[in-house]
Amino acid sequence: MTLTESILQKFHAEFDKGVKHPLPAQLCAGTLEDSVLWTYMHQDLLFFNLGLNVFGQVLRLCDHPPSMIVLGKQIGFISNDENDYFTRVLKELKDAGVAGPDDLLLPKVKEYLDYLQELRESDSYVEVITAMWLFEKFYLEWPLANPIKDGLPYKYQKWIDLHAGPEFSQWVDFLASEVDRVGNSNPKLVEDTFTKALDLEIAFFEDCYTYKQ
C-alpha cells in the first residue's frame with residue numbers, strides 16, 4: 001500500500017463525509033439554490049485566484065523535470081477553463097438578481113485563504129504537493145460520490161465536468177504519485193497537511209451552504 005493509499009484509508013470516514021456534504025450533493029442533483037451557488041462560486045473564485053499562486057510555488061519547489069512539465073501544463077488548463085466558468089456563471093447569477101455583496105468573505109473561507117497564503121510562502125515541496133493533492137482529490141471524488149441528474153443546466157454540469165473525466169483523474173493520480181515519491185521523507189507532515197486541508201475543505205462547504213444573504 002502506498003503512502004497516499006494508507007492516508008485515504010485511515011481518514012476514509014471524514015473524507016467520505018466531506019464529499020457527500022449537502023452542497024455538492026445538491027449541486028449534482030440540480031437542486032442547489034441559486035443564492036447558495038452564488039456564495040459558493042464567489043468564495044471559490046477567491047480560492048482559485050490565490051490557488052494559482054500556490055501552483056506557482058509548487059512548480060518553483062519541484063526538483064523533478066518531468067513533474068515540472070505536468071504541473072506547468074495544468075496551470076495553463078485551469079487558468080483558461082475554470083476562469084471562464086467563474087466569469088460566466090457569476091454574471092448569470094448576478095443578472096438573475098441573486099448576487100450577494102462583492103466584498104463577501106466568510107470566516108471559514110478566510111481561514112482557508114490564510115492557509116493558502118502559508119502554502120504560497122512554504123519552502124516544503126512535501127507540504128505544498130500534499131495540500132494540492134488533497135484539494136484535487138476531494139474535488140475528483142464528490143462528483144463520484146453523489147448521483148448526478150441528467151440534463152443539468154450549465155451552471156451545475158460544467159462545474160461537475162471540470163472535476164470529472166479521465167484527464168482530471170490522471171491529474172489527481174499524478175499528484176498522488178508525487179506525494180508518494182517525496183512524502184516518505186516526512187510522512188507525519190503528509191498526514192498533518194492532509195487532515196488540515198480536509199478540515200478546511202469541509203468547513204468551506206459548510207460556511208457557503210449555511211450563509212444567508
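Yeah, the Cβs are placed from backbone N, Cα and C, and that goes for glycine too.
TrEMBL: automatically predicted annotations, no manual curation.
Features of the protein shown, as given by TrEMBL:
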ACT_SITE  GLU201  active site, proton donor
BINDING   ASP44, GLU82, GLU136  substrate binding site
DOMAIN    19-208  domain 'Thiaminase-2/PQQC'
Worksheet, complete the sentence: Given the substrate site ASP44, GLU82, GLU136, its other Cβ neighbours within 8 Å of the Cβ centroid, in chain order, are PHE47, PHE48, GLY51, ILE78, PHE135, TYR139, LEU162, HIS163
Worksheet item: Reported as an integer number of Å, what is the Cα distance between GLU136 (substrate binding site) and GLU201 (active site, proton donor)?
Response: 11
Worksheet item: In Å, how large is the greatest distance between any two Cα atoms among ASP44, GLU82, GLU136, the listed binders of substrate?
Response: 13
Worksheet item: Rounded to the nearest angstrom, how far is the Cα of GLU201 (active site, proton donor) from the Cα of ASP44 (substrate binding site)?
Response: 11
Worksheet, complete the sentence: Same-chain residues at least 6 apart in sequence with Cβ under 8 Å of the Cβ of GLU82 (substrate binding site), in sequence order, are PHE48, LEU162
Worksheet, complete the sentence: By a three-class reduction of DSSP, GLU82 (substrate binding site) is assigned helix
Worksheet item: Out of these recorded positions, ASP44, GLU136, GLU201, which one has the fewest other C-beta atoms within 10 Å of its own C-beta?
Response: ASP44
